[in-house]
Amino acid sequence: MELWPWLTAALLLLLLLVQLSRSARFCAKITLYCALCLSASTVAAVICLLRHHGPTVENMRIIKWFVSKFKYIFGLRFETKGLQKLEVDHPCVIISNHQSILDMMGLMEALPERCVQIAKRELIFLGPVGLIMYLGGIFFINRQHSRTAMTVMADVGERMVRENLKVWIYPEGTRNDNGDLLPFKKGAFYLAIQTQVPVIPVIYSSFSSFYNPKTKLFSSGTIKVEVLDAIPTSGLTVADVPKLMDTCYQAMRTTFFRISKTPQENRATAGPGCQPAQ
């Protein structure tokens, strides 16, 4: 019995389902996104190993080249403002809001030279994705053990000064799609003050108009990205962490509302508060 007619019929049925069902389209696009991440990570890892033979911030150029092509597949457009503020020739801490798995595309759209990220330790076990993150020089922290996390952050501070690195951190600590910013954790601000480097906030507009897992929405859309002026930390001490955190939070939240152009009803109104060190 020929198998091809059945496979063809199944493929046609799948295509029809994707066209008629919003949930099917969402699942298909998420599956495609994950497949792209895995395949691009595998190819990029081979290139990184051949070119640099191990983990280094220089590999981020290769990773950025691959990920920056994803936007064309999903019909996403980025409108950026102030990216030149990230192209400084000294270490700094870059902070941004964190909304979904699509943030990786936004990250690579704005990523400056000699910049690495801080990520949760669990991500290193994601096969090729974890491998390419490791090869890109990303710092992994175990958020379940605060003492270990503090040790890693101390090492990050030493290396960023010694190797002239920029460090990108999501101070909310987790993805958030509630139409507002979550309270910030303190880790990024401790790091900036301890190393006496400036903090540069980066804000991405809300994805809700084109991406919403709750309603199974995943369409094309425009993401606005705005980089704010650097906030200096020279002369600040650990006692200034709450004030620095609040200054960054309020500036980013105001900008988020402005560039997102979404109703502000039902949004959290609490300030950043005190959170455990990231």
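Using N, Cα and C of the backbone, Cβ positions are placed for all residues, glycine too.
According to TrEMBL, the protein has these features:
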| type | residues | note |
| --- | --- | --- |
| SIGNAL | 1-23 | signal peptide |
| TRANSMEM | 33-51 | transmembrane segment |
| DOMAIN | 92-207 | domain 'Phospholipid/glycerol acyltransferase' |
| TRANSMEM | 123-141 | transmembrane segment |
Average pLDDT across the domain 'Phospholipid/glycerol acyltransferase' (92-207), rounded to a whole number: 91
The domain 'Phospholipid/glycerol acyltransferase' (92-207): DSSP-derived helix, strand, coil residue counts: 48 helix, 24 strand, 44 coil
